[in-house]
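Notes follow the structure.
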Amino acid sequence: MTPHINAKIGDFYPQCLLCGDPLRVSYIAKNFLQDAKEITNVRNMLGFSGKYKGKGISLMGHGMGIASCTIYVTELIKTYQVKELLRIGTCGAISPKVGLKDIVMATGASTDSKTNRVRFLNHDLSATPDFELSLRAYQTAKRLGIDLKIGNVFSSDFFYSFETHAFGLMAQYNHLAIEMEAAGLYATAMELNAKALCLCSVSDHLITKEALSPKERIESFDNMITLALEMMS
């Protein structure tokens, strides 16, 4: 047990899917897993363990932003011995290469947060995912006929107050989208010798101002959930 997770040791499987929204975690448990069991609920940040095609897998919410995400990731790795962490979330596209409903695989994560500089003695850390997880995601997407969009993301500490004038520069440097956690997830996994990857479904396009309806968001997210579970099974 930790200050933020009240699961017992052994409740988490070595592979864990992460979502910012705990209700999305509950949705996955109820609609995609067999024998799903709630294992933690501190602060209503829900976690579950269950089976997908006979293989054990866990789910955990992590809240919004790098600070919240890294708390849960650290505790999952250090206390519960989770080895592979796959974040599945939403993002806002900033590149013409990406459209609504596309799934982005973050091969690197830049950030305006100072957390990684503090972690890395004020140097620039190359926050990258695990190669083997990335390869599995790519191969699984090919098998499922999913056109995975591959490139960098920008993990921002800001949801509302953001430097919109920088979108063009980010796109020039092959940043496909903006989200809020990948840079912290990758850095924490690197520090603690675990494997991590971030997949994001495009729910909004910050340049064209297009956005999915609530129904379309659910349908789009279901495709990413299937990809995530298939690559972990």
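A Cβ is built for glycine as well, from the same backbone N, Cα and C atoms used for every other residue.
According to Swiss-Prot, the protein carries these features:
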type: BINDING; residues: H4, E179, M180, E181, S203, D204; note: purine D-ribonucleoside binding site
type: BINDING; residues: G20, R24, R43, R87, I88, G89, T90; note: phosphate binding site
type: ACT_SITE; residues: D204; note: active site, proton donor
type: SITE; residues: R217; note: site 'Important for catalytic activity'
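In the shown protein chains, 13 other C-beta atoms lie within 10 A of the C-beta of R43 (phosphate binding site).
It is D204, among the binding-site residues E179, E181, D204, whose Cβ has the fewest other Cβ atoms within 10 Å in the structure shown. Around H4 (purine D-ribonucleoside binding site), the same-chain residues six or more apart in sequence whose CB sits under 8 Å from its CB are V42, R43, M45, I71, Y72, E75, listed in sequence order. Between the CA atoms of E179 (purine D-ribonucleoside binding site) and T90 (phosphate binding site) there is a gap of 7 Å, rounded to the nearest whole number. Within the set G20, R24, R43, R87, I88, G89, T90 that the record links to phosphate, no two Cα atoms are more than 22 Å apart, and one pair reaches that distance. Rounded to a whole number, the distance between the Cα atoms of T90 (phosphate binding site) and D204 (purine D-ribonucleoside binding site) is 9 Å. G89 (phosphate binding site) sits 9 Å from E181 (purine D-ribonucleoside binding site), taking the CA atoms of both as reference points. Of all the recorded positions listed here (M180, E181, R217), E181 has the Cα closest to the Cα of R87 (phosphate binding site). DSSP assigns H4 (purine D-ribonucleoside binding site) to coil, not to a helix or a strand. Cα-Cα distances to E181 (purine D-ribonucleoside binding site) place G20 within 10 Å, out of the recorded positions G20, R24, R217. Fewest Cβ neighbours within 10 Å among the recorded positions R24, R87, R217: this applies to R217. In sequence order, the binding-site residues near S203 (purine D-ribonucleoside binding site) (Cα within 10 Å of its Cα) amount to none of G20, R24, I88.
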